[in-house]
Amino acid sequence: MDTVQRQPRFPERILSEQELERYHNYTTERRRIEFLAGRFAVKEAFSKALGTGIGKKITFKQIHCENDARGKPTIQMAGYHVHVSITHTEHYEAKAQEENPNSQHFKKNVDDKELDFTDILSKDKITAKELSDKIANELSANGLDPKEYSFTLKVTTKDGGTIQGDGKVGEVPNNQSMEFNPSKDKITEFEITKS
């Protein structure tokens, strides 16, 4: 609230035209501040997730956050469709997560242990070798011996190419140096099996 009082044009620097219109339609100062703080936090988080932050490459006004038909805040920008969560409490928090069709492959049940690989989706590029190392770490963290497991990975890249990796977990798989983008390229197969 202090920022808006000291810098009355602050909302105009942060909000897109549609967001600014909505901001001005709120009847209470408190609700306007909640809206502005939520949009500020979401845009900051989104820009950092892109790896650029706010600056020369991307501005606050270029990131537009609007509620979808169900009322959920959503960012749509340059091919991104991101659902966000905005909490209006004393301490503001904003989260952004892009819908990723590959995310179904990154939670695996192996020998009744839930293995979670979703953090690997935050990388722009990974190799089959990096994924193999991650699998080994997840298996170990869940009390399983990585030497007893193999994995298979098949990816279709945006340009139509294919990357395949398979082998014992933790060992150098074939095509180990070929990179793929886990949020842009299509994972067609990802399996972890006991050898």
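Even glycines carry a Cβ here, placed using N, Cα and C.
Feature annotation from TrEMBL assigns domain '4'-phosphopantetheinyl transferase' to 6-92. Taken as a whole, the domain '4'-phosphopantetheinyl transferase' (6-92) shows an average pLDDT of 82 in this prediction.
The region 'Disordered' annotation in TrEMBL covers 160-195.
Look at TrEMBL and you will find 182-195 tagged as compositional bias 'Basic and acidic residues'.
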Counting by DSSP, what is the helix, strand and coil composition of the region 'Disordered' (160-195)?
0 helix, 18 strand, 18 coil
